[in-house]
Amino acid sequence: YVRSYRHSLTLKGDQRRLGLKVMDVLKCGRKSEVETERLVHIAEATHPRHALYANNFTRTTKYTLLTYLPKSLFEQYRRLANIYFTAVAALSLTEYSPVRPWTTWTPLVIVMGVSMVKEGIEDYRRYRADREVNNRMVEVLDPETKKFVEKPWQSILVGDVIRTRRDETFAADVIFLGSDNDEGTCYVETMNLDGETNLKIKKSMEETKHMGEDDLGSLAGIIECEPPNSRLYQFTGNMVLSTKALGGHDLKKPVKVPISASQVILRGCSLRNTPFVYGVAIYAGHDTKVFKNASKAPSKRSFVERNTDKIIIFMFAILLAMVIVSMVFLGIWVEDDYKKNWYLATFDQPDQYDPSRPAVAAWTQFVTAFILYGYLIPISLYVSIEVVKIAQSVMYIGQDREMYHKETDTPALARTSNLNEELGMVTYVLSDKTGTLTRNVMEFFKASIGGVSYGAGITEVERSNAERKGETLPEYDEAALAKYRENYFNFYDSRLMDGAWQHETDPHRIEMFFRLLAVCHTVVPCSPQNEKEIKYEAESPDEAALVVAAKVMGFFFYARTASSVTVRETTPAGTRDVVYEVLNILEFSSTRKRMSIIVRDDSGRLIIFTKGADSVIYERLSPNNPQNAKLKGVTTQHMEEYGSAGLRTLCLSYAELDPAFYAQWQAQFMQAKTSMEDRVEKVAAVAELIEKNLQLLGCTAIEDKLQEGVPQCIKQLAAAGIKLWVLTGDKMETAINIAFACSLITEEMQQFVLDATCPEADELEAAGRIEEADMLCHSRIQQQLAKVEATMSEQEGSCLQYALVIDGKALSYALSDKLAPTFLKVGVQCLAVVCCRVSPLQKAQVTTLVSKAGDVTLAIGDGANDVGMIQAAHLGVGISGQEGMQAVMSSDFAIAQFRFLTTLLLVHGRLSYFRLSRMICFFLYKNLMFGITIFIFNAFALFSGQFMYNDFYMTLFNILFTSLMPLAIGIFDRDVDRKKCVKYPSMYKQGQRNENFNLQAIGGWLVLACYQAGVIMTFIMIGHDSRIISRWSGQPYTMFESGVCMFTIVILVVHLEAMQVEEQWQWPHHVAVWVSIGIWWLYLLAYGAFPIRFAADLYYMFIGVVAPNGQYWFYCLLVPAACILPSLFWRNVRRLLYPTVQDIVREAVSMDKRTQEQIQHDEEREMKAFKPEIHTKNTGFVPPYDRNSRHYKPVASSRQIYNPRDMQHRVAAVPTEASLHYHQDVQMYESQQLYELQQQYSLE
């Protein structure tokens, strides 16, 4: 194969002229080798090398017809419980099994079968979707006819030239060769890729943009590019074109041009506003970037689910203990007492009771007991948990109208159902700021140009600060501001508006300022091209705001091509259209923190415009320009003022370039751009050479207003014991003021600030002593952390609340291995933490660190830079905002506004935890009680393996007779209604402390199960003893009759216990209880009616034996009462002596209802009293009630707050006004109780 492959790659023609060697083409030729570089032969899809690449056929299914059964079974047996139940079922096939095999196999097959069928249905849906995608048609260039023909997507190969038309989806990752327009541009929508709806402009290869259908047939060349990867926004590659590609002219050497991400269109993108485009496929099928990004998100399991596994292991340990006890006692009995009880032996299993071989007897009992006690482990628990979680997600979270955002038509979405209950246990919320706490709707608000601050108006943060400090805000002309206001623009200053800037002292600097805003960006204008109606498609709202500001100020950007931008400028020289030739764009990145564009204006001048963070711009200012030093100080002061007002700032600068220097730099830049290794780093290094000697113009200030309801939401979360960490890229001043504005930080909090600013370290860095500077900063942060830790230790036990603020540089040191434990220890003691100037990587690192504290963390964000943070937290919440859907696509839950977090956590999270934890405890309780009854009877039967129940009873116990009640608890149970969950957020701490699923709670249920099983067995074994009571016919009870009675009592006790723990009864609970009990009796009737050869011992058991017997019904009343009354008594005593917040809230609600009913009753009495036809001689003994009278005195007490029990007997005797005052007093009394309890819990 290798020899024939080499032979097929003999260098001919273009390959030789392109300077390629055989080994270059054979790089990564063997499939077993890792692909390090990809070579694509343009329009040669059948090239032998391309056979090594994936074709465009895609498959997302997990199974095929042949692999479905083995692979789905493998998936089922990844659950430990299924392995256990299969082992039990296998043991039931042995001769020592006490039950018939079908009794163990039937529930196992049902439970596993349901899961396998569900998997199969879901996979079949994926298969149908795959088939539809693979059979879509697309136009592909036929290399023989040189014409485009339609082919299905699955037929596309690497190297094919594809034509995609308007509104069609790209079938593969392609290099953009050309379009219908001469500029070689097109617009694509990446909604299917990253969720963003704004259009993005793509530029074709400059060398191929002129080609049409006829020219593409003669196109020859090779594309060398990186191997398939998941980086959506990065691409490294070159196109090497032969002479044919350029019209057949002879060239001395091949043309090698770089390919960037702007010339790559990915599979899944849709073509918009462009008739058609041509592209050559470089990645197909599963090699495309969309499939490379389709890897599963990190697997997350909730705390309850992890603990459930541990509890199942604990239950298994109990089972083994019971099995060992049975083995030991049977062995002892066989060895010591068997000779006296020889008549109890079974003739078909002589080894089981051989007194000479007690060890064999014990081993056989191991198999018997292992099967018999297997009912302790609930086989349907995991299926029930899955059903409950899906129901909670679909019925509650997805259908909640209070989390529906009408403006964007966006409901809440549970992207996974595995973590619902985790929402009720959150202690830390880590949040992005922009677009999460704020609206991400940017408005140009102020500007500093040439050392002069422009702009009027008051920001939300300034209003909040003034209200907090009691200051009076300055007045401004709101009417003038409204006159110029439009989307992205909320600015007014008479010195600049309507061309007035031309009369300022430095109009040239102002002109360059707004020219930069109009030119230095990646915004795409959309038609119509007039100032009032034009719309802009921007990658970020910030850029749109800056472009709109330039437009209002007379620099109207309205057209863009691959190599130019057109601006209609209104200057002192008049209004004219200026075309700026775009020579280079040095793109923004979180590392560079700046963007530059190099243009040539209509006069031939070369200009570089640079905008970015103040720290990176200041470093690149010209030291020889004396104005820079002066402007830097004033601009810094203005930026601090803007930051204090909560505004986002951006520095602007420019420089004119020398043509000779630029030509030299361009050669270096092209060399870096065509490098296949470390291209990004090399381009950044070359950019440093030209982004220098800049002239400072000033800065912009953009307002991003808080979302509706954010301060209230943060207050409620804090009252619920949830601590909020805000991770933002803003400056410290801006972040602190916004934290105050949204009530994250309050004046009552003691604030700590960690700042790595150190003049000595700056001097060391300037001298090139980087390591020494780094060590100095590290030491500084270590000292600051130690000081904060010491302060907190000294004030331990006080009621002080702490807030911590730390900048990005300090955070980089605080996250080091040495300081991270101290930073975490300090951070978790703070009610609020604000991290400023953080990078996306630092967000993820902070989230990972906080998650190590052991408490549940939730990360919430709206942008691509929040994805790492969202995936690192226990819970990830994405906000569908202005920055696309990438955060949502990586999240576990999605909401439209931050304020919906209150409902998601305090309502759905709390109730999901409450329901699921109770359901699991109830499941364990009922199975343990059932299993212990089997164990006790087996002990009575000398551990012989005998049991009282029919095989069918045990088989159907979990999957039929007691299956509805756990589901009703898990789906419909609640202790208080949703409004009270929000009104009293301190109830949320129940989940944070894990009160419903801790060792104490679970142990209580298990002790109750043991007690009730003992009571049931005691009553049945004594009551059905033939020496004490005989049945109605005069004959003693048989084992099977006693088994029917005992099983009936077990079912009654299970459901009665469920009834008393239900806090609020709803119709599903009634259905679950009465239908389950009814099914049991109907089953007895139906099964007993079968012929005797089928019904055997249960033939007419209910009608003929049990139902006519009064003792059966007496025991059905007596025994459940004996089982239930102690637990009922204990629960009421606990509520009386040790009430929880929930108990007090429920009591308050109940009291409120009774009070409302009393008031209504009084009003009805008063209405009757004023009817003229009603007259009575006795007018009563209560004097007229006038609260304002000087003769008035309180009825029960002179205290401000009355005891409602003292007032209750007098309410009916007073008119309605008194009743209303009584109602107010009751509310005050209850509010005081709740407040005191909440204070107690918060102190704890």
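Each Cβ is built from the backbone N, Cα and C atoms, and glycine gets one as well.
A TrEMBL annotation is a machine prediction, not a hand-curated record.
Under the heading active site, 4-aspartylphosphate intermediate, TrEMBL lists Asp432. According to TrEMBL, the feature Mg(2+) binding site maps to Asp432, Thr434, Asp862, Asp866. According to TrEMBL, the feature domain 'P-type ATPase N-terminal' maps to 40-105. Per TrEMBL, domain 'P-type ATPase C-terminal' is recorded for 888-1140. Among the features that TrEMBL reports, transmembrane segment is placed at 311-334, 360-385, 920-940, 952-972, 997-1022, 1037-1059, 1071-1092, 1112-1130.
Counting Cβ pairs under 8 Å to the transmembrane segment (360-385), the top-ranked stretch among 311-334, 920-940, 952-972, 997-1022, 1112-1130 is 311-334. Note: the CA-CA distance between Asp866 (Mg(2+) binding site) and the residue listed as 'active site, 4-aspartylphosphate intermediate' rounds to 7 Å.
Here the C-alpha separation of Asp432 (active site, 4-aspartylphosphate intermediate) and Asp862 (Mg(2+) binding site) works out to 8 Å. Long-range neighbours of the transmembrane segment (952-972) within the same chain, counting only residues 6 or more positions beyond its ends whose Cβ lies under 8 Å from a Cβ of the stretch, are 99, 102-104, 106-107, 110-111, 375, 378-380, 384-385, 387-388, 391-392, 395, 915-916, 918-919, 922-923, 926-927, 930, 1043, 1047, 1051, 1054-1055, 1058, 1062, 1066, 1068-1069, 1071-1073, 1075-1076, 1079-1080, 1083, 1087. When pLDDT values are averaged over the domain 'P-type ATPase N-terminal' (40-105), the model yields 85. According to DSSP, Thr434 (Mg(2+) binding site) is assigned to coil rather than to any helix or strand. When DSSP labels each residue, the domain 'P-type ATPase N-terminal' (40-105) comes out as 31 helix, 2 strand, 33 coil, counted as helix, strand and coil in that order.
The Cβ of the residue listed as 'active site, 4-aspartylphosphate intermediate' has 30 other Cβ atoms within 10 Å, all protein chains considered. Its own atom aside, the Cβ of Asp862 (Mg(2+) binding site) has 31 Cβ atoms within 10 angstroms in the protein chains shown.
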